[in-house]
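Student: The following feature annotations were taken from TrEMBL:
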- B:T183: active site, nucleophile (ACT_SITE)
- B:T150, B:K172, B:T183, B:E262, B:N380, B:T385: substrate binding site (BINDING)
2 protein chains.
Amino acid sequence: MSVTYPSGFTAAGITVGLKPSGSPDLALVHNRGRSDAVAAVYTANRCKANPVLWSQQASADGRARAVVLNSGGANCYTGDFGFETTHLTAEKAAELLGLSALDVLICSTGLIGVGGQDFRDRIVGGLPEITAAAAEGPDSGKAAAEAIMTTDTVAKTVACDGPGYRIGGMAKGAGMLAPALATMLVVITTDADLGAAQLDSALRTATARSFDRLDTDGCMSTNDTVILMSSGEAESADLTEFTERLTEVCVDLAGQLHRDAEGAHHDIVITTRGAASEDEAVEVSRAVARSNLFKAAIFGEDPNWGRVVAQVGTTAARFEPDAIDVTINGVPVCIASSPGADRDEVRFGREVTVEIDLHAGDHRASIWTSDLTHDYVEENSAYST
Amino acid sequence: MSVTYPSGFTAAGITVGLKPSGSPDLALVHNRGRSDAVAAVYTANRCKANPVLWSQQASADGRARAVVLNSGGANCYTGDFGFETTHLTAEKAAELLGLSALDVLICSTGLIGVGGQDFRDRIVGGLPEITAAAAEGPDSGKAAAEAIMTTDTVAKTVACDGPGYRIGGMAKGAGMLAPALATMLVVITTDADLGAAQLDSALRTATARSFDRLDTDGCMSTNDTVILMSSGEAESADLTEFTERLTEVCVDLAGQLHRDAEGAHHDIVITTRGAASEDEAVEVSRAVARSNLFKAAIFGEDPNWGRVVAQVGTTAARFEPDAIDVTINGVPVCIASSPGADRDEVRFGREVTVEIDLHAGDHRASIWTSDLTHDYVEENSAYST
């Protein structure tokens, strides 16, 4: 399933030895359909990894046939050698698949600064095996999803039926999940016969309301990439309908990333309503999601609404400082900027909802974040050692 | 010493029962000198505590004679009752000291949402005792500094000699230390005979290069206040010279706050040099100081420069993405945006220095922050319970 659910796609995942654990670390998604239309969004980080620099150029014409993805090294800040490795990977994969190098997009994930000779040799050396594996059959979508995992504890995949077409997808990401994409690699496939401009429109709308609303730790990655490919093997689709379905797919994958966030004990959804604009609702929700004090309080199952209000006050959103309501897990703990219901009434489970009402308009938006836990500190202080 | 080091000031610190621990919790600083000139800077948070709302109004004319400070409750988001408590405190203190209510500034620190009837009764009830205590002698500066502690482990005071005048100060703050002042209350006194406008100019310059450079956890408080009072009991002073000395005093106090930051195992100074402007140097240093991944890495004594570069890339500062150097504890681990010296060469102690060179100009600025530790998570998940 996964990326091979729509007609026209094959995939594979193999082990080439990039990870000390010996887990799968190289993936391929190949579009063999009538169309080669593609759209992609990349990290807004100005310090972009080599595969992002390459793929931005290669996808600029709205055409691509294959994506090669690796875990076990980000190939970011690895100098000219690192960029040459990306280029060489695309050339060799293209040769094996009968494509031009610019038809091959590259994604990498892992530690920044990793991308030396050994990294190059293992990836390039593994291309004959992975292209052969992908040629064998369409059922390797799961293997591809597993090969892009880093600190992920589960593979993330999705399959969805539209009227006369299918959408499939895979994603990785567990930390450094923040705005303008989390540290995530996502490949979404469809057989709906849509052109590159339509795919681009749909993808930008869908990511803005899904991956861009995920902000587990405020850290923006250098390698974030979301790719949408169409094989054109099915019917065309109504763009509005397709965009809605694609948004559901992206929300599903983003939810999987959220639930697997590094070290999280609570999955928190912060919703700001009554905002004067959707952007202001996002700004307020994100400001709260970025507060370490708030996130540590939720870890301790402490409905500390003061830390919510304090973050609201750091934003430029329109509101009256004495008219803010805060509701935690359904209990209105702060009403009109004063203590409301008894905080002891708040019950905690894995899911935590925080609702902020600014009483300044009719717009709303949610940001998904995680609590700040001992496990987060532990995982992220030990990651590279 | 502390705030009573310059001529003309008395102070006191007593216990009125706001804290369950029974530690001192009410402080008073009283200016009995010839001048009543005052300057103050307050939190940029739009959700301001009641004492901030009061003191902003009361200090607007550049005149004040006394500051009443309490720990054990922030009196923030406590509604009209909370504001009336602040007003009542100023009125009663003024009556006891022979002043008008607008000559009395109020500062509170502790939990947001705490400021009910019991809070009011204890503070107002303690005013006769504290005004009497302050009248007894000038040597209670230390007691005042102790009475404003919350999670602080040590009292923070400073005393400094200028040519013909003195400066003294006290500060509290250990968490929620972030821009536009940390969660801090600071009272600085001087006998230098300077007018309110001169004090204001000096204080804004000094805080911009001291307290505003402290960003331990990215969280901005609702109660931050820095007050500078002059008794005019000594000579006048050259404004440039006074500003330099005041900046030293503020840097000293900010350093004390830094070293006492909640849960910190490492005191980190992030310096960006080669920036096109000082503001851009601040922006870059602050972006790194806000990265939980970077802060967790330093806790693990991992010189993970990739997490530094990734944060640099989130800023709007001018730089070429392939020309960034990162030096950690003197070891150039990243040169021209590529791996530099072996990261194993980096040695760690309590003090950690991170230097980023953007190669884009001649400006530099440092931000002081802390690592992200288990103790930070523990202290901040258990604070209100």
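Don't overthink the numbers, they just go from 1 along the chain as shown.
Glycine is no exception: its Cβ is also placed from the backbone N, Cα and C atoms.
Quantities reported herein were computed from a predicted structural model and do not represent experimental measurements.
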Student: I'd like to know which binding-site residues lie near chain A: of B:K172, B:E262, B:N380, which have a CB under 8 A from one of its CB atoms?
Tutor: B:N380
Student: Check the DSSP secondary structure of B:T150 (substrate binding site), expressed as helix, strand or coil.
Tutor: coil
Student: Among the binding-site residues B:T150, B:N380, point out the residue whose Cβ has the most other Cβ atoms within 10 Å, with all shown protein chains included in the count.
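Tutor: In terms of Cβ crowding, the pick is B:N380.
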Student: Reduce the DSSP letter at B:K172 (substrate binding site) to three states and note it down.
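Tutor: SS state of B:K172 (substrate binding site) = strand.
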Student: For B:K172 (substrate binding site), which residues in the same chain are close in space, meaning a Cβ under 8 Å from its Cβ, but six or more apart along the sequence?
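Tutor: Those within reach of B:K172 (substrate binding site), by Cβ under 8 Å and sequence separation of 6 or more, are B:S71, B:T109, B:A145, B:I148, B:M149, B:T150, B:D152, B:K156, B:M184, B:L185, B:V186.
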Student: Under DSSP, is B:E262 (substrate binding site) helix, strand or coil?
Tutor: coil
